[in-house]
């Protein structure tokens, strides 16, 4: 039997998982500090919930879940004969794995509207799935850590999200660049070149700028039918270094002026706040997700080549997609997988080690019950500890203690059992003591706290 993992997925052992939890716990701590409350949604959603929310490219990356039973029987023969996967999908699959946490949250907000108070601030830390081509920092199964607020139009939340990114990455020890743009500027650009009906495809092309360069973007735009003059205007926009240059470009585009005003308001909220990382206006920032309508944010590491490790933006119409009232929202997401990979690469997770356990060893099976009693006393004191399961040879027990990196071992033999003592050994210094259980606890806590 060939045992393996699906491409784009990973196993995590105890040490790796402890490091990952350090990242998740840090992010969660700041989510709660900023007033966000947790929710969870199912791994699967109805395809009708997911399709059409991420743009054409996003729809192609959705994992569809085949219907139960003889699913081919329900597919019309002419569709099978045409081998048209798009037409066949609605007959083969009605559910899909969630692509992100934002659309499920919008669905949740509509379904539970009577149970939530506005503004509603929620965070969610769960896995998502995308049928992307696996590569460095890109997986088909990965965790997202999202924070969103809905039911409030105030731009204070854009500023809050910048501060949230800044504080979390500062605590994790990562130096990052936080970039900001506004979707209204991209809309104004399309209006200026009389191509507003191509906003989605133009935005998707610009979003690929870092990967393919401007020549690659130009090729995509030419295939979309844009003229030489239209592409030159897009290039002028992308080469702008300051917000004022964009303002000069969009003097006659009302939506562009509104986008510039919103960015300036975010900077006003942040005025006087000390950021530990750099915040930069970047007109090339597009964020391919089609539901953004205002500010867009992206975070990249200043120390490693890994692409985006965080991002987000404002969406004004997301809940309306599901028939609910129009609720404005602002949300961000931390790319936990890439954050983990970068921190491993930079050795920033070396400090995030599991507390080394205390291991109790017995010289004979008859002392095992005594060892079990001591084990409960250690755990009652909050000491991570375990008892070797049988009276194996001491060499074997010591070998196991070394393999699990036990910091202390307690050895129980006839003398210890008779005197109600414990032989405790520090596995790092080699020092050994014969003491009672209370003194043993004091020794361990003094060394580990």
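Cβ atoms here come from the backbone N, Cα and C positions, even for glycine.
Record features, source TrEMBL:
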DOMAIN    1-357  domain 'Aminoacyl-transfer RNA synthetases class-II family profile'
BINDING   100, 101, 102, 130, 144, 148, 287, 291, 292  L-histidine binding site
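Positions of the features from TrEMBL, shown on the structure.
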residue : record                   : Cβ neighbours (10 Å)
100     : L-histidine binding site : 20
102     : L-histidine binding site : 27
144     : L-histidine binding site : 19
287     : L-histidine binding site : 20
292     : L-histidine binding site : 26
Farthest-apart CA atoms of 100, 101, 102, 130, 144, 148, 287, 291, 292, residues recorded for L-histidine, distance in Å:
21
For residue 100 (L-histidine binding site), which DSSP three-state class applies?
coil
